[in-house]
Amino acid sequence: MLKYGVIIIGGGHAGVEAAAASARLGVHTLLITLKPENLGEMSCNPAIGGIAKGTLVKEIDALDGLMGFVIDKSGIHYKMLNETRGPAVWGPRAQADRKLYKKVMYQILTNYRNLDILYAKVEDIQIKSSKVEAVILSNGSKIFCQKVVLTTGTFLSGFIHIGSIKMPAGRIYEEPSYGLSNTLKRLGFKIARLKTGTPPRIDGRTIDYSKTALQQGDQIPRPFSELTDVIDVPQINCFITKTTSETHDIIRENLDKSAMYSGQIEGIGPRYCPSIEDKIVKFSTKLEHRIFLEPEGLEDYTIYPNGISTSLPEEVQYKLIKTIPGLENAQVLRPGYAIEYDYVDPREINVTLETKKITGLYFAGQINGTTGYEEAAGQGIIAGINAALSVKDQAPFILTRATSYIGVMIDDLTTFGTVEPYRMFTSRSEYRLSLRADNADLRLTELGIKIGVITEKRKKFFTKKCKNIEKTKLLLNNLSLTTSKLAKMGIQVAQDGKYKTILDLFKIPSFNVEQAIKIFPILKKQNNNILQLLYIEAKYASYLTRQYADINLFQSEEIQLIPKNIDYFKIPSISLEIQEKLSYHKPATIGVARRISGITPASITAIIIYLKTKYSDESSK
C-alpha cells in the first residue's frame, strides 16, 4: 500500500513551498494539483514582493524556500519601494514574466528530491479518530498518509462574478472544489466567505504609450535570493496612466450592475486592494486613480492594468477602459472578475498551522483568510516544515513576532482571526526596525539549519556570508580619520580630537556608504549588500538596543504559560468585559493575552499576580 509522510493539496504559492520544505526535511512527500501549469500560478498580478511582502519573500528565502530564487530567474522589472524612507520599511518588488515564473517553478519541483507530483483532484480527506488517514481522489482511489497540508486558494466552493453572471470556478476557466468544502463543514470547522478580484487584461499592442508616464525599474536590480549573484533576465519598463471623470461617471451609472454593489456577493473583499467600484464610492472626492500598466512577460503582449479590479459587466468594462488615457483603442483580452470562496476561521489552527480539531491536518494560504502570494508562501513553508517535523517526531518549528514577519502574520491570524482578507504591512510589526528585508537570513537561516530544512549549498553560502560580515566589520572599525580631517572634508563631527571609524561615521544622519567608499576606495572591493547591512545596523544602533530590550520582555512573556483551567472570573481586579474576552480567546501565554484587543496593562499585571499567588500556593500544599 502506497503511503506518504506528507501530502500537499494544491500547487499554488502555499502548496509549492509546503511541498518543497517537507521534501527538504527528507520526508516522502506528494503534491497533488489539477494540472502541471498550475504549479506556482500567478492568479492575479504578475509580481512578487512589495512593502512588507518583499520582507516575507526574503524570509522564505532565508528558510531555503523557492519564491525568491524563482522570481530572480523570471523577474523583468525590479523596484525597491519606499526607498526614500527608512530601511525598516523598504519593500523589494519585482514584476515577473508570468510564463517564465511557472516554467522555472515546474523545472525545480519536478526534479526535487523526495517529492512526487500527482495531477488529480482531491474530493475528500479520510479521518479516523480525529486523525488524518488518507486523501480520496475524484476517481475514488485513496492515498494514505500521515499528514495533509491543505492549500486550496480560492477553489473552496469558488464562484466567479462578472456583473450579473455567476459561475462556479476556483479561477477563471477552472472548476472549484465542493468536495473539500463539504469535508471541512462535516468536520465542524467554522467556515465563512471572502472575496477578491482581478482586473481585465489588455492587449499591449493596442495601447498608446505616448499618453502614459514611463516607470523605470531600478538601474541595478537587487536580487531576492541570497543564492542569486546578479539578475540576468532582460529588464523592461512599466507605464502609469489614470482614471478620468468620465471613467468615474460610467462606474457610478452602473454600480447597480456590479456584483459587489448589487448584493450578489456576500464575501468581504480586501481592504487594501479595493475594486475600482469601491474606490469611486469610498473616495468620491478623488478626481483620479492611478493605474499601473504592467507587462505580463518578455514575449507576451498581455498587460495587467493594476488598479482597476472590477466585477462590472463585460460591456461596462470595455466602455470604462476607453475613457482612460492611452487605452482609448485598447483591446480587452479577458474581462476582470470578482471571485468568492470559502475560508476557515484561522483561530481553528495552532501557530504550527496544524488544525486544533484534526491531528495531522494543516492549513496554509487563503484558506486561513489571507490575501497575496507572499502571505500564502510564508504560511506554506511553515506548514510544510511542521508537517514533516511531526512525521519525524521532532519538536515543531515556531516563528514568533520577535523573529519574523511570518511570525507576526501567523500570530495575528491564530490570535485574532480575520473577517476580511489579511494582508501583511510593516505597521503590523512592533519590531520592524529589527525585522528588515536585508537581515532576513541572519534572523532565520541558522534556525533553519538547526532543524535540517536548509540545503548544504545554502548553508555554505550563509557560513561564508557570516564570515565576510565579520571581516568587513573589522575593516570598518580599523578605517578611521581624525575629527579635524573630517571637518576639512565637510563632515560635521564633534571636534574632540578622537579618531572616528567608518562605523562611527555611519551614525551621522547625512553620511552614507557612497561617501565611505569615496574616502576609502578599498571599500569598493567589499560586498555592497554587507556594507549596506552594517550601515543600517550602525544607523539604527541606539534604537535597536531599546528594541532588543522590548524583544527580551516579549520573549519572557511568551514562555509564561497560562494554565488551561484558569478561571478568569475569579480574578476580582479585572473587569467583567476583560474576563469575558480572556475566557473566549483562552490565551496560552501572557504574551498572547497582552495582544488581545482591549486587554489593559493593569489586567495583565493582575493575571500575573494571580498566577503567582494561586499556583505557588497550590504547589506548596
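Placement of Cβ uses the backbone N, Cα and C atoms for every residue, glycine included.
Feature annotation from Swiss-Prot assigns FAD binding site to G10, G11, G12, H13, A14, G15, V122, S177, Q366. What Swiss-Prot lists as NAD(+) binding site is 269-283, and the listing cites sequence analysis.
Each of the binding-site residues G10, G12, G269 was scored by the number of other CB atoms within 10 A of its CB, and the lowest score belongs to G269.
Within the group of binding-site residues (R271, K279), the Cβ with the highest number of other Cβ atoms inside 10 Å belongs to K279. When the C-alpha distances from F283 (NAD(+) binding site) to the binding-site residues G10, G12, A14, V122, Q366 are tabulated, the minimum falls on Q366. Of the binding-site residues V122, C273, V122 has the largest number of other Cβ atoms within 10 Å of its own Cβ. Its Cβ placed at the centre, S275 (NAD(+) binding site) has 28 other Cβ atoms within 10 Å.
Here the C-alpha separation of G12 (FAD binding site) and E277 (NAD(+) binding site) works out to 28 Å. For S275 (NAD(+) binding site), the nearest of the binding-site residues by C-alpha distance turns out to be Q366; the candidates were G10, A14, V122, Q366. With respect to their backbone Cα atoms, G269 (NAD(+) binding site) and V122 (FAD binding site) stand 27 Å from each other. Annotation note: V122 (FAD binding site) sits in a strand segment as assigned by DSSP.
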